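TrEMBL lists 56-83, 84-111, 112-139, 140-167, 168-195, 196-223, 224-251, 252-279, 280-307, 308-335 with the feature domain 'C2H2-type'. For 14-54, the entry in TrEMBL reads region 'Disordered'.
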């Protein structure tokens, strides 16, 4: 709806222009009068008229305003003052309008509805940005690949994939990111913040995508199906990842050696074999690991947990490889091995 309104405004502007052209053809003298306004003396007169209409001037930059309240609001740009504080969190804002927009994060209010797909947004700018997903117009193409974007800012962000630029650095560790939203999400691994809570159970998550994925455990919904086999998934990302098993594609390559991987996380894990990085530490004994999966497996030596049970007998094990080795006693099959 908003997008169609923009189109109507453009049509309205076009109609006004055509009307002015018609008047110009009929009254050529009025056009020459407009040209006279470009003379120096007329420019001065226009400036005087503007000062009368906007008598309140900013001493810092010369901007003029028609109301003192507008000037006061503008002055906070220079002073950096943020007098409007959120009562729910510690954020502050320069204008009351920005505070009201922010409050929708806490209230969950999303009054701007897309009439193409029923998605709702908390602010009009987000809705307008979203509308580009419905129209074909993407005037900003990437010169490195076939991707195109509706906004120049989106293209600039995308280009970091090709350049490898990661301008947003974590102050707690050495990781860097190519988007500020990725840094914000990463910071929750340090703060422990999990703002996205499941209404069905007590679990909370640091990312909304993880919450959405978790919700499928309650609904059982798996709307994304593989065309090659009958496997279904709760998330489109999981389906895309699964499709690589059919195509054999391994798009993520190691810059240190010739190994390639289907998933970027697998590449990241592999890179630790080159860097020697062991970022995951056991809080019980101080042992460090390069992979979170290794740390989780190690923790069972402290907790005594044995989640891998034999279906043939009552034996349980704390490692899956131990279970596989045990299964040979029942089957005699030598294909079971510890990966």
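Counting begins at 1 with the first residue displayed.
Keep in mind that glycine also has a Cβ here, set from the backbone N, Cα and C atoms.
A TrEMBL annotation is a machine prediction, not a hand-curated record.
Taken together, the residues in the domain 'C2H2-type' (140-167) have a mean pLDDT of 88 on the 0 to 100 scale.
Residues of the domain 'C2H2-type' (168-195) grouped by DSSP class, helix first, strand second and coil last, total 12 helix, 4 strand, 12 coil. Summarised by DSSP class, the composition of the domain 'C2H2-type' (252-279) is 12 helix, 4 strand, 12 coil.
Among residues of the same chain six or more beyond the domain 'C2H2-type' (308-335), those with a C-beta under 8 A of the stretch's C-beta atoms are 297, 300-301. For the domain 'C2H2-type' (280-307), the DSSP-based tally of helix, strand and coil residues reads 12 helix, 4 strand, 12 coil.
Taking H, G and I as helix, E and B as strand and the rest as coil, DSSP gives the domain 'C2H2-type' (196-223) the counts 12 helix, 4 strand, 12 coil.
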